[in-house]
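Lifted from TrEMBL, the feature list:
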DOMAIN    137-424  domain 'NADH:quinone oxidoreductase/Mrp antiporter transmembrane'
TRANSMEM  6-25  transmembrane segment
TRANSMEM  32-58  transmembrane segment
TRANSMEM  78-101  transmembrane segment
TRANSMEM  121-137  transmembrane segment
TRANSMEM  143-159  transmembrane segment
TRANSMEM  171-194  transmembrane segment
TRANSMEM  214-238  transmembrane segment
TRANSMEM  280-299  transmembrane segment
TRANSMEM  320-350  transmembrane segment
TRANSMEM  356-374  transmembrane segment
TRANSMEM  425-458  transmembrane segment
TRANSMEM  479-499  transmembrane segment
Amino acid sequence: MSLIPAALETATTLGVAGAPAGLVLPERVRGAVVGVLTAGVGVTGVAAGVAALGGSLWSADVPGLLPLAGTYLAVDALSGLFMAVAGVVVAAVAIYGIGYVSGHGAHGEGSHGLGSRGAQALLPLFALTLILVPAAASVSTFLLLWELMALTSLLLVRAEHRARPAVREAAVWYAVTTHLGLVLLLAGLSAYAAQAGGETFADLRAGTAAVSPALRGLVFVLTAVAFTSKAGLVPLHAWLPRAHPEAPSAVSALMSATMVNLGVYGLVRVGFDLLGGGPAWWWLLVMVMGGLSAVYGILQAAMASDLKRLLAYSTSENMGLVVLGVGAAGLFAHAGDTALAGLALAAALLHVVNHSAFKALLFGAAGSVLRATGERNLDLLGGLRARMPVTAGLFALGALGAVALPPGNGFISEWLLLQSMIHGLAVPGVTVAIVLPLAVAVIALSAGLAAAVFVKALGVGFFARPRAEQAAAAKESPPLMLAGMGLLAVLCAACLAETSPRPARASSKAVRAASTPPRFPDRATGIRPVIPRTPVAAGGALRGSATLDQLEIPTRRYLISGAWEGQWIN
């Protein structure tokens, strides 16, 4: 019996139970109870994701939830990767959040921030949507869960609107952008479903041949813009550096480390799996959005003096690099190089994992600073290394991952992404010869500027002398906040130590799930083939005759030496 349905049922029960608990429980126990329930959502999400990465497939429908359309759920390895990452971050942030709302620091949350009844009711529901969105297996189910994720996160962004007027402006930006993205998704996926003959993802896969190339291109453009807007990419990026800093820090961590990932998930799921890949111009568009976002994000981060805004722009930069890798994978697939396509996509997905770990840790440390000092302005901080030594050390560990230098966990995935671009220069074609050198330059430039950004953040914020009374009076965070950040630090270390084989193999399994249609167990009879597991046809996700069944991440020897050994983990 698969672990997946039991885990998702438990996650749903805990998430739904957390809403009334947040509304009715008294303040002295509210944060602890909701935090435990939310952590349970995360743990069960990890269980479901790990089971899927281990080879389990599961599908189901809940006909009573959406009577006119039905509610369809399905979990494969691609879903499992994003569920597992979200689950780990949710569990750690939930523990962090218990300490965050307990007592009152210089910026204690009290009854008007994350500790309020409304915010505590919404937090477990938001966490639940982060787990369930990758499990959606029909257009209506996906859009329903996508909108629930948007609404719960929007209301959580507004949690401190009474204390700071800037929160309201940020919420308006976020509301407009996220619902514009919803309209684009609704238009694109509905048009695709109408032509494909059904709205389930299985119907969309089976009906791809009936859809004209022009409509497929339109669907891809609409959905790509919508998904990249959720990831904070150009051109619909303006909401992210406004909303993420103004949200309570626990919510900022969830949004920057998990919610933005689902934009990447949607791009991969629709572009490679449901649409089956496409012409080169699709992926050039994706690479342009990714490259511009990476450069723009890191340049803005270099100029930012607000610590949380700096981290938000860093999220745009890293998501830009991820999407750059996704676009390169599509370009290589169109050129017929399946190995490089898989390598680039696996590198992008591996960077999703690494970014989630270090960005959640960085936002947690920034929240600790904000709670202790009431300040986000780096110019008014300083001297925190002596007053908050554990927080300073954890921030330094996260910063090491963000600058993509060894031994930081971000180094492996960015290095692998860079290597895929360099080896892609051997792929014939004028387009590749023009685009890939620019992509290499983008990765190198963003990595170099990221080092300057986080040297500034660490040096100005945590070293030197205190430049304000609040910084001079700062005290270390409560133990539960440190425990939550400690779990994220362990995740960063694990991503580095175990890049070969566990996280790397997980990303490879996700690549195969994106490139090869799965076979899900039947809801009634026990087995139902969605589409036979055949080589992907010309024009599909991976052009040519090979699938990614045998593709794995190169060994650690290759990753460290930079030499192409042609060795693969079996």
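Glycine is no exception: its Cβ is also placed from the backbone N, Cα and C atoms.
It should be emphasised that the depicted structure is a prediction, and the values quoted were computed from it without experimental measurement.
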Does the transmembrane segment (280-299) come close to the transmembrane segment (425-458), meaning at least 3 CB pairs under 8 Å for residues 6 or more apart?
yes
Between the transmembrane segment (32-58) and the transmembrane segment (121-137), are there at least three Cβ pairs closer than 8 Å, leaving out pairs fewer than 6 positions apart?
yes
Considering only Cβ pairs within less than 8 angstroms, which of the stretches 6-25, 214-238, 280-299, 320-350, 479-499 has the most against the transmembrane segment (356-374)?
479-499
Is it the case that the transmembrane segment (479-499) and the transmembrane segment (121-137) touch, counting contact as three or more CB pairs under 8 Å in which the residues of each pair are 6 or more positions apart?
no
Please identify the stretch among 6-25, 143-159, 280-299 with the greatest number of Cβ pairs below 8 Å relative to the transmembrane segment (121-137).
6-25
Same chain only, please: residues at least 6 beyond the ends of the transmembrane segment (78-101) with a C-beta under 8 Å from a C-beta of the stretch. Say none if there are none.
30-32, 35-36, 38-39, 41-53, 109, 113-115, 120, 123, 127, 130-131, 134-135, 248-250, 253-254, 257-258, 261-262, 265, 268-269, 273, 349, 352-353, 356-357, 360, 364, 367, 371, 477-485, 487-488, 491, 506-507, 509-510, 513-514
